[in-house]
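Quick notes on the structure that follows.
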Amino acid sequence: MNILLINGPNLNLLGTREPEIYGNKTLNDIEKDLNKVAKEKSINLECFQSNHEGEIVDKIQSSVSSISGILINAGAFTHTSISIRDALIGSKIPFVELHISNIFSREEFRKESFLTDKAIGIISGFGITSYFLALEGIIEFLSINN
């Protein structure tokens, strides 16, 4: 089983950007820890991060034939990107939307997601643990539905 983790803009700054909201772990730390969990479950996890909307769209489109499921923390693109939404829909790859913070308890503009209604699930507000919960969720979903 191949799963793609996509991280959007500014998530490369984890560990230094607003640690009171996002914690102290770097994206590299999170990816290493997630890969350990994935390997224990015989899952191939590919990690991708970009600050550029088009690169994320390209990655989704190029993954159609090789990826079983997607985990996506689209960052600020969650609230703005119709093109990422359309790429996810067009790919027909099941995806879990995830967020470190609870986007529904933050600023008004963060409460709207262009992805939620098309995701198989959403994990939000559990800090870095959101990544691990999302991984467990997509594995379970794919195990039942494939």
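Yeah, the Cβs are placed from backbone N, Cα and C, and that goes for glycine too.
Keep in mind that this is a model prediction, so the values were computed, not measured.
Annotated features in Swiss-Prot:
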ACT_SITE  TYR22  active site, proton acceptor
ACT_SITE  HIS99  active site, proton donor
BINDING   ASN73, HIS79, ASP86, ILE100, SER101, ARG110  substrate binding site
SITE      ARG17  site 'Transition state stabilizer'
Query - Spatial neighbours of ASN73 (substrate binding site), counting only the recorded positions ARG17, TYR22, HIS99 and Cα distances within 10 Å - result: HIS99
Query - ASN73 (substrate binding site): secondary structure state under DSSP, collapsed to three categories - result: strand
Query raised in the report: Can you name the residues of this chain that are 6 or more positions from ARG17 (site 'Transition state stabilizer') yet have a C-beta less than 8 Å from its C-beta?
Result: ASN10
Requested in this report: Could you round the CA separation between HIS79 (substrate binding site) and the residue listed as 'active site, proton donor' to a whole angstrom and send it over?
Outcome: 12
Query raised in the report: Hey, how far is HIS99 (active site, proton donor) from ASP86 (substrate binding site), Cα to Cα, in Å?
Result: 20
**Report entry** recorded positions (HIS79, HIS99), the one with most neighbouring Cβ atoms at 10 Å
**Finding:** HIS99
Report summary line: The rounded CA-CA distance in Å from the residue listed as 'active site, proton acceptor' to ASP86 (substrate binding site) is 28
Requested in this report: Enter the number of other CB atoms within 10 angstroms of the CB of SER101 (substrate binding site).
Outcome: 17
Query - Three-class DSSP secondary structure - ASP86 (substrate binding site) - result: helix
**Report entry** For ILE100 (substrate binding site): intrachain residues, at least 6 apart, with Cβ closer than 8 Å
**Finding:** LEU14, ILE21, TYR22, GLY23, ASN73, GLY125, PHE126, GLY127, ILE128, SER130
Report summary line: Long-range Cβ list for ASP86 (substrate binding site), cut-off under 8 Å, min separation 6+ in sequence, same chain only, gives none
